Amino acid sequence: MTPDESVVSSFKRAAAERAVDFIQSGMVVGLGTGSTAAFAVRKLAVLLAEGTLKDVVGVPTSRTTEALATSLGVPLTTLDVHPVVDLTIDGADEVAPDLSLIKGGGGALLREKIVAQASRREVIIVDAPKLSPRLGTKWPVPVEVLPFGWRSQSLFLESLGARVTVRLALDGAPFHTDQGNVVLDCDFGPINDAAALAARLDSRAGVMAHGLFLNLTTDLVVAGPDGITHRVR
Ligand SMILES: O=C[C@H](O)[C@H](O)[C@H](O)COP(=O)(O)O
C-alpha cells in the first residue's frame, strides 16, 4: 500500500467508525459494500465481540459483505425476516452537494438500493475526494442490465449521451453482479438533471438498476485532512 493509499484508508476507516457510533443495541443494520463499508463491518464486529453492542443483526448488500460479516461473527438476517432496516451504513463513489450519490463502483448497486429504500436511515461514509460539485463529474453511472439484450441497452444509453464501457472482471470477461447481470459504466459527464436521467433509466425494460441514488441519503459522514464532518439531510 502506497503512503497515499494508507492515508485514504485512514480517512475511510475514520468515517466508517464514526458512523458505527450511530448503531444501537437491538438494531437491524444494513451492511454496505466496498472498502469504506468494510471498515464499518469490522468495527461493528469488534463492538459486538466486546459486548458494547448487543442483539444487532446485519442485512448484507452483497455476497462479498455477507462473507466478510460471517467471517467476523456478525449475525446476519434478511429483508424477508426484517423488511425494515433501522440504519444502513454504506459508501459511495461520488457525492453531490444535495447528498445525491453515484454508487455501484463495486457492482453492488441493486441490492444496495433495495436495502437503502428499506432503511429508516441511510448513512453514507466517504473520504473527502468523493465530494463533487455535480454527479458525473468524477464517476460514470453504473447501469446494471439483464444479459438478455445488453447490446441494445448499450445503444440506448449511448442515445442518452453516454460513453458506454462494459465492465470487465479481472480475467477480462464481462463482470457479473450477484444477480448475474452485466454492468455498463456510462460516462455522461456532469449531469444536469439527475432525476430526469434516473427516470429514463428506470423506465427502460432490461435495466435492473442504476447507480443514481437520489433522495436516499439521510446522513453523510466525510473524513479528510480537516477531520470528520457529519451532515444530516
Ligand atoms: O458497489 C459498490 C458500492 O456502491 C460502494 O459503496 C462504492 O463503490 C464505494 O466503494 P469504496 O468505499 O470502496 O470507495
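Glycine is no exception: its Cβ is also placed from the backbone N, Cα and C atoms.
TrEMBL lists THR33, GLY34, SER35, THR36, ASP90, GLY91, ALA92, ASP93, LYS103, GLY104, GLY105, GLY106, LYS130 with the feature substrate binding site. Positions annotated as active site, proton acceptor by TrEMBL: GLU112.
Recorded features from TrEMBL, shown on the structure.
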residue : record                       : DSSP (3 states)
THR33   : substrate binding site       : coil
ASP90   : substrate binding site       : strand
LYS103  : substrate binding site       : coil
GLU112  : active site, proton acceptor : helix
LYS130  : substrate binding site       : helix
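Restricting the binding-site residues THR33, SER35, GLY105, LYS130 to those with a CA within 10 Å of the CA of GLU112 (active site, proton acceptor) leaves THR33, listed by sequence position.
Comment: substrate site residues THR33, GLY34, SER35, THR36, ASP90, GLY91, ALA92, ASP93, LYS103, GLY104, GLY105, GLY106, LYS130; largest CA to CA distance 16 Å, whole number. Excluding THR33, GLY34, SER35, THR36, ASP90, GLY91, ALA92, ASP93, LYS103, GLY104, GLY105, GLY106, LYS130 themselves, the residues of that chain whose CB lies within 8 A of the CB mean position for the substrate site are, in sequence, GLY32, ALA37, ALA108. Summary for the binding-site residues THR33, SER35: the Cβ-based neighbour count within 10 Å is maximal at THR33. Every protein chain shown contributes to the tally, and the Cβ of ALA92 (substrate binding site) ends up with 29 other Cβ atoms within 10 Å. Neighbour counts of Cβ atoms within 10 Å were compared for the binding-site residues LYS103, LYS130, and the top value is held by LYS103.
Other C-beta atoms found within 10 angstroms of the C-beta of ASP90 (substrate binding site) number 31, with every protein chain shown included. With a cut-off of 8 Å between CB atoms and residues at least 6 apart in sequence, the same chain places GLY34, ASP93, TRP139, PRO142, GLY211 near GLY105 (substrate binding site), listed in sequence order.
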